[in-house]
Amino acid sequence: MIVVRPLNELIGLLPPLAALVFFGDFDTWRVITSFGVVGLVIGYGLLSWLTTKYRITDSQVELHKGVVFRQRRSIPRDRIRTVDLTAKLGHRLFRLSAVRVGTGQQERTPGEGTVTLDAVTAVEAERLRQALLRKTEHVEDADEEGVTIASLDTRWYRYAPLTLSGFISIGIVIGFLMNLVNELDLRFSEVGFFRRALHWLSSAEPATVVPVVAGFAIVLSVLASLAGYLLQNHNYRLTRQSDGTVRVRRGLLTTRSVSIEEKRLRGAVLHEPLLLRAGGGGRVTAVTTGLNKVGGSSLLLPPAPRPEADRVTADVLAVADTPTASPLTQHPARAKTRRIIRAVVPTVVIAAVLLALAETADWPTWLWIVAAVLVPVSALVALDRYRALGHSLTNDYLVARSGSLDRRTVALRRDGIIGWKLTRTLFQRRARVFTLTAVTAAGSGGYSVLDIGDEQGLDLAEAAIPGLIGQFLIRG
Amino acid sequence: MSESEWRLRAPANLVSKRAVLLWTLRAVIFWVVVVGAQGVVLLVVDGAPTWLRATMVVAAVVGVVHALVMPRWRYRVHRWETTGDAVFTRSGWISQEWRLAPISRIQTVDTARGPLQQLLNLSTITVTTASAQGPLRVEGLDAEVAARVVDELAATTQATPGDAT
């Protein structure tokens, strides 16, 4: 803790500091400020370490912390659902780890239901993980490996470029660099290579620039997504431990270990974004109480072949066949009309507005041409979205699927449903469809069956939890 | 609009008639601020853009229609019911939301009263469950009715075992 917190922050500050030293025009005042900032960061880390204490009693986990605002948080041990060990690079240098304990409590403010101990030694973290999740007295070896459900196969790397993470990370990096260049007033245009590149970009024909830039972007994004896959999923293992938890371990520089209490596992989500689906792959996340929605802590399986995704889902949920692959009932054709209208009308309106602006206000004409080309594309996406819509009910699970660019199939345990939400917009009422949301304590709190037919949806709600909605239905 | 397939009946109880006044007051306050801000700019700033007059007129017309139509529409939609094992609410106006929660899954039941509601002797019941989807709300109930309902719900909830997740 004493070094790790500032160290992690310093690692984040390294690139700009290095850039400042190597490229910046030296300015004593600026250097003093940066060292002052470093000093403050270290001082604050020291103070937080001195003021943080935790205690684990028979019934409670208590954390006292805060430099200016003192904070005391305690959570009952029998409410602990998940334990997440995260070790960033700074932690790993000193064999430390951050322990995040999640409960099933509803979070009104983010973080209310969790306690984070940042950082304890890796050995202590492992001891805590076992102690906190063990409800019954039983002895476990310190290095128990558990039963492996799945582990990383190097062939899965071929799915990495099929996620958009590469594009996104390139965008972030470029944005960051641009910002840095601006901030530090670096003059890249004076470096020969960049000047030649810029000159070529501004002078060459668009017909050659566009493919070259596009090719460059694709190669970069493939490399970035491969690197991202390596960083996040190196040494990925999914195991079932003898203390009734499933455990995911992964990561190259930042290592994570997430333990989920099996009793609290309410289902799983199969994610198949368009590209990944085209390549026959999928990604699986857990629906459980006690995990933060952010930070990817609920990941069960990184992008992997679809049959593997189905096998892992079935194994984790302890069923013979995964509910996420069960045959689905389609939604009425009225839902298709709605999908098409919702996708096509906005693009047509945008194209029309751009056309009008091109005619009257001298906007470039290619804008409305691009928008017009997008109209049939949006219609195709709409058709695909309709094809994705579906639901089914198995013995234990409610299954719902929707989305095209980001298709997700949710399997939610029927006994984990703690209520219904039925929403009907004016247009949905006219189309005799509605959105049925199964309310649950786990995951995002609610999972929707989009545009289900009136009759169909009410029957589904009654069949999933007999007797709840039934008392309000008109029999006839 | 065909309702033949929609076999879900509306919850039994209406909210207080004074809720119409509550929603009207809220809408009026909102629109007075929106129109008033534009009016102040028009009066105070020299050479305020002319289109500001147009948006102010539009805002005024929309505001009047909204303040007249929305509260009455809402009053017809907002309904609630509690049975021995469930809480059932309907809310909204153009878009409508129906919520159902089994008593066994309820975590807390509270009432809240804003300044306007205190003025009109109204109360909002909030029924929270363990979900991040947010609580069930019944807005604009008569304060005494609300207090009674909360007592009843609290009694039934306590009698039901389980940790409501």
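In case you wondered, yes, glycine gets a Cβ from its N, Cα and C as well.
The following features are taken from TrEMBL:
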TRANSMEM  A:7-23  transmembrane segment
TRANSMEM  A:29-50  transmembrane segment
DOMAIN    A:49-131  domain 'YdbS-like PH'
TRANSMEM  A:159-181  transmembrane segment
TRANSMEM  A:209-231  transmembrane segment
TRANSMEM  A:340-357  transmembrane segment
TRANSMEM  A:363-383  transmembrane segment
DOMAIN    A:386-448  domain 'YdbS-like PH'
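Here the domain 'YdbS-like PH' (A:49-131) has, by DSSP, the following mix of helix, strand and coil residues: 21 helix, 40 strand, 22 coil. The average pLDDT for the domain 'YdbS-like PH' (A:49-131) in the predicted structure is 78. Here the domain 'YdbS-like PH' (A:386-448) has, by DSSP, the following mix of helix, strand and coil residues: 12 helix, 37 strand, 14 coil.
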